[in-house]
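Written out below as structure tokens is the structure these notes cover.
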Amino acid sequence: MSSGTLYDKVWDLHRVADLPGGSTQLFVGLHLIHEVTSPQAFSGLRDKGLKVACPERTVATVDHIVPTTSQARPFADPLAEEMLSTLERNCAESGIVLNGIGSGRQGIVHVIAPELGLSQPGMTVACGDSHTSTHGAFGAIAFGIGTSQVRDVLASQSLAMNKLKVRRILVNGQLSAGVSAKDLVLHVIRTLGVKGGVGYAYEFAGSAIEALSMEERMTLCNMAIEGGARCGYVNPDQTTFDYLKGRPHAPSGAAWDAAVDWWLSLATDAAAEVDDEVVFDATVIAPTVTWGITPGQGLGIDECVPSLSMLDPGERPIAKEAYRYMDLDPGTPIAGVPIDVCFIGSCTNGRLSDLRAAAAVARGRQVAKGVKAFVVPGSEQVARAAEAEGLDQVFSEAGFEWREPGCSMCLAMNPDRLEGRQISASSSNRNFKGRQGSASGRTLLMSPAMVVAAAVHGRVTDVRTLALHSAS
């Protein structure tokens, strides 16, 4: 095996051929598909008389379009029903496992693959979804692809790629109480910008990263793409192995021991050189909330909307647009901004640990009058585990709606949508204009615990001012 960074090693292990122009044909170890970006890809295969090359390396689920209130078939939305039926037919014809509704394994694609043990160190993972970088939390190289590339991977189990540079995001120290991985990644994106990572893979390292749980690492890598990086990863360690052991698709017995030895060898060598390194101090990071229309427009909870004079010249045009769209003036404290809708869920923050953190704030409190609040577990497994712990009751008693799994209001390709000029506190990953349904709806990104704090006060609130209530 070559020496160097994990990225270098995984790249070399999966190289099929060097192509003219400097790109490389890479073997794809795991291909994840869903109902939105796969129909045209399958049609493209049929048009060329091709079949799926490696159905055993292809895994499907339905997530983007599924309703979260009632998942009875047929869906009320005929387009959603058609998309799901098409996925079912394509998977059946191609011999692809579909983790469908009611299977006990359905959910957001970037939630179910890790919980099933499909995402493993040293893999290359591809999916027709921007947030495929999530799987880098395991020490994999994972990247989102477009529909035409989905077709190519279905046909050849490989993909033409240009090799990225590696930037180490070194985070020293420890996060303070009340500060989460979501706050950390929003802080990184705010600092480096939404285009700062273009051309890079982000290697997250340092004592603060090592202290994160696997689900927190998934949150971190999930949003690497929002900082412009094509992928983000964390070197595998004991935390990785403890998470994977015993999961359905993880190795077992002697194969487990051999896998762990190999996974450890993939980690970036101590003497390996990276192309760039940026150092952060975890101790100074506060709960972070976006104020604008990109994930890079973030603020610590004690800060105010910046004036143009505080911004670099290149940031000013988008800031002007954000002032108008968000109806927030320079100098407005982010704490205290009123909220209409509160959403907990998504591939960023819809896992069991996210729901536990949110429930600790919600327990014994009530959603403010006039605020609509709901919780959408990231998968059927997450939902059933949360219900077994009574978290659904905690949320329901606090005034949150408890829903069934799906992407929900992260992108509103389903009935969960903002209306008019509503403003949401959301644990999702994108705050683009119109992202959550309404063309004029507004989104403030924050951690699940911060969403609950906003819900109970009806405005953006520092969760650190609220006492946490553990289960009795």
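For all residues, glycine too, the Cβ spot is worked out from N, Cα and C.
Residues annotated as [4Fe-4S] cluster binding site in Swiss-Prot, with sequence analysis given as evidence: C347, C407, C410.
Apart from C347, C407, C410, the [4Fe-4S] cluster site neighbourhood in this chain, defined by C-beta within 8 angstroms of the site C-beta centre, holds D63, H64, I108, H131, G345, S346, T348, G350, G378, G406, S408, L411, S428, N429. The Cβ of C407 ([4Fe-4S] cluster binding site) has 31 neighbouring Cβ atoms from other residues within 10 Å, across all protein chains displayed. Within the same chain, residues at least 6 positions away in sequence whose Cβ sits under 8 Å from that of C347 ([4Fe-4S] cluster binding site) are I108, V109, H110, V111, H131, T134, N222, G378, C407, C410, N429.
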